[in-house]
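Colleague: Copying in the features that Swiss-Prot gives for the protein in this structure:
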{"type": "DOMAIN", "residues": "12-260", "note": "domain 'Pterin-binding'"}
{"type": "BINDING", "residues": "ASN19", "note": "Mg(2+) binding site"}
{"type": "BINDING", "residues": "THR59, ASP93, ASN112, ASP176, LYS212, ARG248, VAL249, HIS250", "note": "(7,8-dihydropterin-6-yl)methyl diphosphate binding site"}
Amino acid sequence: MKIGKFVIEGNAAIMGILNVTPDSFSDGGSYTTVQKALDHVEQMIADGAKIIDVGGESTRPGCQFVSATDEIDRVVPVIKAIKENYDILISIDTYKTETARAALEAGADILNDVWAGLYDGQMFALAAEYDAPIILMHNQDEEVYQEVTQDVCDFLGNRAQAALDAGVPKNNIWVDPGFGFAKSVQQNTELLKGLDRVCQLGYPVLFGISRKRVVDALLGGNTKAKERDGATAALSAYALGKGCQIVRVHDVKANQDIVAVLSQLM
């Protein structure tokens, strides 16, 4: 499997989540020192992660805005330390070009933009400048759709075209349907059922639903975040079967066997 110029063994891969934030919904505050972050990265790599997704600002509903300066202070030391110690691809989870540039300079390989270039109009130019793969996630302000799966597909197709127009090569573009972002539980469920349509857009698809509210709803409600890892793994299997190629998860080990087996059947 290729992500732009980068080659990953197999036809599917796990992206391990590293939140260096104090307020992420699942693990906020757990990895706010470089050493704690490195220890977690080492474990995720041992468990089978092929990409580490570093985020310095929580994107959960109601989270506090973080300036680019503060975000850079959080992510750059961690990215540098990971690159100094491990041979692993790093994605930077940010929608700010200033942070993205600093992360790329520090050694990050991939851009992961939860606003698909809408928040910062220079993100695509930056991706083109660095020949960096970019993941474009569906997002919007309100939970209003005519038909959620079609609307998501239209959005992703339009944003991918905007990236192409800005000089980003097609093989550097990935898409993410954005589970949990501006979507009700019902809308997330409908989107899950239509996931194969997203996978038919012509771009590789990242699947990120780990520990989110829709997983809790599918389990009947009232579960804690870390109690959703088994269901997350089941949904990873479902997504890979629909055609997704990367699963973004908190618990790498719970997903590794699924990815290892299904990767050989894709």
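Backbone N, Cα and C atoms are what each Cβ position is placed from, and that goes for glycine too.
Describe the structural surroundings of these features, if you would.
Modeller: In this structure, ASN19 (Mg(2+) binding site) is part of a beta strand by DSSP.
Of all the Cβ atoms in the protein chains shown, 25 others lie within 10 Å of the Cβ of ARG248 ((7,8-dihydropterin-6-yl)methyl diphosphate binding site).
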Colleague: So how many other Cβ atoms are close to LYS212 ((7,8-dihydropterin-6-yl)methyl diphosphate binding site), meaning within 10 Å of its Cβ?
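Modeller: Neighbour count, Cβ to Cβ under the 10 Å cut-off: 22.
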Colleague: Among THR59, ASP93, ASN112, ASP176, LYS212, ARG248, VAL249, HIS250, which the record lists as binding (7,8-dihydropterin-6-yl)methyl diphosphate, how far apart in Å are the two most distant Cα atoms?
Modeller: 18
Colleague: Using a 10 Å cut-off, grab the number of neighbouring Cβ atoms around the Cβ of THR59 ((7,8-dihydropterin-6-yl)methyl diphosphate binding site), all chains included.
Modeller: 19
Colleague: Using DSSP with the three-state reduction, classify LYS212 ((7,8-dihydropterin-6-yl)methyl diphosphate binding site) as helix, strand or coil.
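Modeller: Going by the DSSP assignment, LYS212 ((7,8-dihydropterin-6-yl)methyl diphosphate binding site) belongs to neither helix nor strand, so it counts as coil.
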Colleague: Measure from the CA atom of ASN19 (Mg(2+) binding site) to the CA atom of THR59 ((7,8-dihydropterin-6-yl)methyl diphosphate binding site) and give the result in Å, rounded to a whole number.
Modeller: 10
